[in-house]
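Engineer: As annotated in TrEMBL:
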type: DOMAIN; residues: 6-386; note: domain 'Amino acid transporter transmembrane'
type: TRANSMEM; residues: 12-28; note: transmembrane segment
type: TRANSMEM; residues: 34-54; note: transmembrane segment
type: TRANSMEM; residues: 80-100; note: transmembrane segment
type: TRANSMEM; residues: 112-135; note: transmembrane segment
type: TRANSMEM; residues: 147-170; note: transmembrane segment
type: TRANSMEM; residues: 190-211; note: transmembrane segment
type: TRANSMEM; residues: 223-247; note: transmembrane segment
type: TRANSMEM; residues: 303-325; note: transmembrane segment
type: TRANSMEM; residues: 331-355; note: transmembrane segment
type: TRANSMEM; residues: 367-388; note: transmembrane segment
Amino acid sequence: MPVGTARTCMNGLNALSGVGLLTVPYALSEGGWVSLALLAAVAAACWYTGILLCRCMDADDAIRTYPDIGERAFGRTGRLLVSAFTYVELYLVATGFLILEGDNLDKLFPGARVTLGTVSLAGKRLFVVLVALVVAPTTWLRSLGVLAYVSATGVFASVVIVLSVLWAAAVDGVGFSGRGTTTPLRIAGLPTALGLYIFCYGGHPMFPTLYASMKRKSQFPKMLVICFLLCTLNYGAMAVLGYLMYGDGVLSQVTLNLPSARLSSKVAIYTTLLNPVTKYALVVTPIAAAVEERIRGAAGKGARAVSVAVRTLLVLSTVAVALALPFFADLMALVGSMLNVAVCMLLPCACYVRIFGAPSMSSVEAVAIGGILVLGSLVAVTGTYYSLMKIIHELV
């Protein structure tokens, strides 16, 4: 594989390697063993829609980004629709980062409390606020080159987490005696499982940029196969490993089950904590840039101050949502069902059909696209409903 292609492959792996890794054991417990086949089906569908996005780019040399594809297909409305789904997805992922940090830091330092006058913060809420204070200055940077370099460790971190969990089971005494269900398929839990599985493959907004950066664009489908195959193997390994260890008792993040006194557990948890801190600014910057673009004319000489204010308010808003909805798995299932489904399945198919026209497609293409649209629509409806109901139930 050429050096440029290998670098793009590493970037693709980084785009697909995220905090979804922690939720796949819980997803397996929700859907049953047969749901692993759905993990593979989701991976195949998302790989194919990634290829469709790049075919759309070949239709016009002016296309460079995902919103460009939306505009080429559906005009200004298409650009706005793609941008809206992408920005809301990024916003909720950033919120999920704060929830994840709060959950895992609370496990490492139980009972922590800070009191300032009449205000007292403890446990998860305290750590969500502290992490926000740490990441807020990173969002003020104009150049995110250093953060982009650090976040590239995501691929290595994902492997380290799986190996640490395996070490906890095989060496540190946790074992593989988790009591799980004997039911191979849990119909009631499938919407949640599918939403979490789709959340794992939310790299589509980056694919057009990766494709445009390649000198040998004919290598892109092969590169994408490698990325999806390796990530699916890693996700599948973590799902099976976590479920064998804890069965139906596995929590929304498998790291919360680990015995905190063990070295392997500390490695897994600290590695888990690193990625959100380094990636938070990268996730919220596109949203902040879009807001700043809208108010650029009113900013004048105070553009820098406006930028800092916008980004600070954005961080504060994610803190408010994280404190109000501290349900990591349910929130990520909602993101997967309502937003990732649209960005990774429905919109790529719709844009491709719109740009090239149904008559130009082969019968195999038509069946594949039709199947993806049906699957995506079912997940969008059922997954969004069940996720919202679970969140409402938790709040009540």
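Cβ coordinates come from backbone N, Cα and C, glycine included.
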Engineer: Within the same chain, where does the transmembrane segment (367-388) have neighbours whose Cβ lies under 8 angstroms from its own Cβ atoms, ignoring anything closer than 6 residues to its ends? I mean 6 or more beyond.
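Structural biologist: Same-chain contacts beyond the flanks: 41, 45, 48-49, 52, 190-192, 194-195, 198, 330-331, 333-334, 336-338, 341-342, 345-346, 349-350, 352-353, 361.
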Engineer: Please report, as numbers and ranges, the same-chain residues at least 6 past the borders of the transmembrane segment (34-54) whose CB is under 8 Å from any CB of it.
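Structural biologist: Tertiary neighbours of the transmembrane segment (34-54) are 24, 27-28, 66, 69, 184-186, 189-190, 193-194, 197-198, 200-201, 203-204, 207-208, 211, 217, 220-221, 224-225, 228, 231-232, 235-236, 239-240, 344-345, 348-349, 351-352, 368-369, 371-372, 375-376.
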Engineer: For the transmembrane segment (12-28), what are the same-chain contacts with Cβ under 8 Å, counting residues 6+ beyond its ends?
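Structural biologist: For the transmembrane segment (12-28), the sequence-distant neighbours (Cβ-Cβ under 8 Å, at least 6 residues beyond its ends) are 35-36, 39, 96-97, 100, 151-152, 154-155, 157-158, 161-162, 192-193, 196-197, 199-203, 206-207, 210, 223-224, 227-228, 230-231, 234-236, 238-243, 245-246, 250-255, 272, 275-276, 328-329, 332.
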